[in-house]
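Right, one structure below, let's go through it.
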Amino acid sequence: MSTWANLGLQDSASPLMEQLIFFHDHALLILVMITVLVGYLMFMLFFNNYVNRFLLHGQLIEMIWTILPAIILLFIALPSLRLLYLLDEINEPSVTLKSIGHQWYWSYEYSDFNNIEFDSYMIPTNELSTDGFRLLDVDNRIVLPMNSQIRILVTAADVIHSWTIPALGVKVDGTPGRLNQTNFFINRPGLFYGQCSEICGANHRFMPIVIESVPVNYFIKWISSNNS
């Protein structure tokens with residue numbers, strides 16, 4: 001999760017988020033190069049005393065400043081398209097999780113395991129433990145196995161919500177009457193926090209999401225204890 005003075009992106013916990021960070025750095029480097037070049041040209045204009053009374057056109061420079069930006073855009077567009085298709089690729093999932101957005105909480109269903117269902121509410125500040133995070137902790141966490149392909153199906157019961165976990169690079173809108181899906185792969189254990197990032201009403205910031213990533217054998221024990 002983000003901490004104080006964290007100006008960059010969160011540490012990734014999935015291969016997709018790693019690719020998103022790489023693309024962010026790639027695009028940022030191109031933007032810095034463009035900014036430096038344009039800034040240098042503008043700075044040098046202040047000290048340019050050359051005057052050409054008979055200059056009417058300059059085909060060469062016009063070709064350069066037309067073709068060069070197009071080439072730069074290709075260097076941004078091609079990795080972006082690759083990443084777009086990677087994010088949309090659904091591999092064979094090991095676990096399917098269904099998430100339903102309500103005002104102002106989430107409902108989850110593990111349909112692969114005898115339909116385990118529960119609601120997940122934010123823990124109020126006056127009931128929060130000393131090691132809890134205000135506006136981020138929930139009473140029922142999502143438990144998922146690490147090193148497994150996870151598919152999530154997202155919908156909503158009332159208005160548009162958005163299921164977002166920054167560390168996993170996942171952001172899916174939950175729309176009433178529609179079922180959206182995406183996938184992710186958690187490559188390390190831990191707690192990963194997110195929130196509803198859609199403007200679904202005054203209290204959408206009170207819809208936190210907490211994923212607890214555990215080894216597969218612990219996940220099987222958790223499933224067994226909830227089925228009994």
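The backbone N, Cα and C atoms fix where each Cβ goes, and this holds for glycine too.
Because the structure is a prediction, the values reported are computed rather than measured.
Listed in TrEMBL:
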type	residues	note
DOMAIN	1-91	domain 'Cytochrome oxidase subunit II transmembrane region profile'
DOMAIN	92-225	domain 'Cytochrome oxidase subunit II copper A binding'
TRANSMEM	27-51	transmembrane segment
TRANSMEM	63-87	transmembrane segment
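Taken together, the residues in the domain 'Cytochrome oxidase subunit II copper A binding' (92-225) have a mean pLDDT of 91 on the 0 to 100 scale.
Residue counts for the domain 'Cytochrome oxidase subunit II copper A binding' (92-225) under DSSP, helix first, then strand, then coil, are 19 helix, 64 strand, 51 coil.
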